[in-house]
Structures are given as C-alpha cells and as structure tokens.
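Asks: According to TrEMBL, the record shows the following:
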| type | residues | note |
| --- | --- | --- |
| DOMAIN | 39-288 | domain 'G-protein coupled receptors family 1 profile' |
| TRANSMEM | 30-48 | transmembrane segment |
| TRANSMEM | 55-74 | transmembrane segment |
| TRANSMEM | 89-118 | transmembrane segment |
| TRANSMEM | 138-156 | transmembrane segment |
| TRANSMEM | 204-224 | transmembrane segment |
| TRANSMEM | 236-259 | transmembrane segment |
| TRANSMEM | 271-290 | transmembrane segment |
Amino acid sequence: MLNQTSVTAFLLLGVTDIQALQPYLFVVFLAIYVVIVVGNGAVLLVVVSDPRLHLPMYFFLGNLSCLDICYSTVTLPKMLENFFSTHKAISFLGCITQLHFFHFLGSTEAMLLAVMAFDRFVAICRPLHYSVIMNYQLCTQMAVTVWTIGFFHALLHSMMTSRLNFCGSHQIHHFFCDVKPLLELACGNTELNQWLLNTVTGTIAMGPFFLTLLSYFTIIISLFSKTHSCSALHKALSTCASHFMVVIVFYAPVVFTYISLASGSSMQDQVAAIMYTVVTPMLNPLIYTLRNKDVKAALNRIFRRRDDLSIFRAHF
C-alpha cells in the first residue's frame, strides 16, 4: 500500500467534542467493551470446550463470537484512548490498518450470518440429510471461504484508499477510520473508490442479507406446508429466533450506512456505526445465551465443574 501523499496522520474527532461528557462516555464504552470480551469469550470457551456443542450451528456461533471480539477491538480501544487524549491523532498507516480490519471483520460477519441461516435451513427443511450435508469438511470450507473473501474485500478498499491524495483538513469527523469519511478528505477523482464502496461493499452486505431472508422465507413456507401442530411450529421457529434477532440488529444500521447517501461523518452515520460495531457485538452473546438452552446448559456445566473443583480443593 503505497502512500502517494505527504499525510502522516489524521485526527479522529470522535463521537462528541463536549469535554464534560467524555469521562462518562469513557465509562460507558469501557463497560460495554468488557461485556463484549467477557460475553463472547464465554460463548467461545463453551463452544470449544463442551463436546455436546461440537455441532455445525455452534461451530459457526464460535466463529461469530471470535469475530465480535476482534471487530469491537478494532475501534473501541482507540475510541477509549481518545476520550482522554488531547491530540486524538492516528497515523496514516494506523488509519489504513484500522480501515482494513474494520471492513475485513465486518464483511466476514455479514457473510457468516448468511451461512448460519443456511445451516438453519438445512436443519429444518432437510433434517434427515442434515448430518450428511453439514459435515465437518463443508463447515470448515464455508468458514474459511467467508474469512478469505472478507480479507480480500477489505484489502481492495485499503489499497485503493491508501493511494488517494489528501488535501486540506485532516480531521476525520468520526471515531474510527472508514472509507466514506476519508473520501470526504481526498482531493482529486474518487469516483472509482465510491463505485467500489457502493457496488462491491453493497454486494457483500446486501447479498448475504437477501440470502438470509430467502433462507428464512423458505423455512417458514416449508414449516407451514409440513407442520400442522402449533407447538411443533413454535418449537421449530424458536431455533431460528436468536439468529434472526442478530441479523436484524446487525443489518439495520449497516443498510442505513452504506445504502444512504449521507456523508460518512454525519451524526446519523456515527450512531449507526456505534450500533453495528459496539451494540451488536455486546448483544450477540446475550441473545444466544438467553434464548439457547444448549448454551445455557453448557455454561451451567462449566460453573458446576468449577464449583466442584473448588469444593474438592477446599477439602484437601
């Protein structure tokens, strides 16, 4: 990524310039970050350590938890640092690196949610063939594929953005480096970058979203045509409820940010960015643990083993 400009740093102005609010915001976002790391870390630990959860659904859930920890780590630590920083600077290389990992992890999560919807489609609509279709090899291949596509999608943006010429103000009216705010600071022709953002990123975001909706539409049609018992229908749909809630919480602000024509530094864009970079990773483990009996049971087994071990050590 060759930088053709003399820019060495940008200034991240953050979510607010009101000094009195910044200590309170620091406490709020620090608490959220702790919840994200602990909550998703607990889900990841349970999925890896409990043999009963070594199933495709939980394999992808483990990937999602890992993504959420990394995704929030791309933006939140720098945001927390800037609450008490006087200069709020980020180096050019640091900015491009943050942009890269933000799009890498964000696009990977979008595609992973579609893969998880496909898993639920096979489980409900093809239950007798589920173990054959969703075998270990296919699950691994799908996971590797979405991570790889996400990486190269982000690499495209980071390379193209790093080659722009920047003039005038170097102040980014955002709490992290993203393509849209940087395009506002660039001088010269940015039509190709804008096209890539609208077309490639739009496809990466909206393609999996429509595939997810298609999976759930097919699931609902299949259930209504095959299931005549309300209790059986409710039980089948409840297995999808957690994932569908995550999809809505994640995609609603993403669609607003990358489909709207608003500037990347508008307050609406910043609120939307907080939703999918901060709020969604915090809610994911809560949604899956509160609504998923298997995960709750696995967590209880882990705590029970820890308590038994403590009692055993106390006796000796």
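Positions of Cβ are set from backbone N, Cα and C atoms, glycine also.
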Asks: Tell me, please, if the transmembrane segment (55-74) and the transmembrane segment (204-224) are in contact, taking contact as 3+ Cβ pairs under 8 Å between residues separated by 6 or more positions?
Replies: no
Asks: Hey, which of 30-48, 89-118, 138-156, 271-290 has the most Cβ-Cβ pairs under 8 Å against the transmembrane segment (204-224)?
Replies: 89-118
Asks: Would you say the transmembrane segment (30-48) and the transmembrane segment (89-118) are in contact under the rule of three or more C-beta pairs closer than 8 Å, pairs 6 or more apart in sequence?
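Replies: Answer no, regions not in contact.
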Asks: Can you tell me which parts of the same chain pack against the transmembrane segment (30-48), counting only residues 6+ beyond its ends and a CB-CB cutoff under 8 A?
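Replies: Same-chain contacts beyond the ends: 58-59, 61-62, 65-66, 68-69, 72-73, 76-77, 80, 278-279, 281-282, 284-286, 288-289, 295, 298-299, 302.
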